[in-house]
């Protein structure tokens, strides 16, 4: 017998029993419908087709291992796991973060205790133990900015400076290199070292110290002079003559590193105009000019001269140096070093802008040809500076020509009018012919100069382009070189 059953949503379906009888069965009860909807939300995989049905018991499932996750309000265990999983991850991350923070805090405490112990030994120990403490300061401060700041705050600088009063070179070297590392990248420590009187104590060690101590002192001057507030103090202390002496020393015992450090320290000090007088003493500019050509130091030398040329006394010293302009013009042809070209062009540009006599010396040194080549083949900055120098030279030529013309005009106007009109006309024709002859001579000179410059530039370009040595310029180029005037110069 067939039995009809209508559920609360009105759906009917035939269901066969084992005996072969059929009956209508509700497709979805309310509970079953909610269960299937929940399973659909959980990626469409139902836990069991009859779970939640009131008449049929679901098959027994094997117990699953406990994951330590709570079941929420009798809902799906899988949903509870998914909802609880982010919270579990968050707890794990928080635990790991707390552990990392604890480890870092423990490590910092241990480092602080180590710094404290080192400074304590430095303050209260004597003899070799104090040297060992200074060596530990040097080691710890070498690559750790936090160590430099912490040990300086704990009071490491005064006892290190006090070690400079002794006569033992081992004490002095340990102290100097510890101070050097404490000042690396820390302006506060650099200022504290100078304020504590380290400069004067270092200078007292110069005469009686050995070469290793001298090199350590020069290295400290380099580090301390990087701070602007220290530049004037170091310059007025008498350190500049020492640095110049180390730089000019031809003794083989002076290491190349010491000379490099001395040159860089002088550059730092030359930034302050107040130190320029001491830098220019003992004909130091002549020594710098003679050093150009040594590629190991030429760029730094030109940097110092760039600071020297910014002062009036510095420009005067350069002008009075023999062969200064030929040397600087020669640097413009150093194609392997664009930085040296730019610095040399800057020095010449300032000198050309300030003094007419220097422009004449530059022209005599052959600067025009070098500048023309630089405007074609130099770096962008070198080209701009070369163009400015050429502009200065062009303005000077125009100004001189105009002044001479006005002077001639003034003389002609102020002269008394004597004689007939015919005599005046004849005199005027003679003067015009003389002016024409003079102008033709000037044009010839300018034309010859331009032609030589263009030919020299062409030879250099051909050489750099690796063209055959028997390369012959085109007829068009020859025409340009023979017909060019001053107006064709690339000012």
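Glycine is treated like the rest: Cβ placed from N, Cα and C.
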Where TrEMBL places region 'Disordered' among the ranges 49-74, 75-100: 49-74
Overall pLDDT for the repeat 'ARM' (238-280), taken as the rounded mean: 90
Structural state census, the repeat 'ARM' (238-280) (DSSP three-state): 32 helix, 0 strand, 11 coil
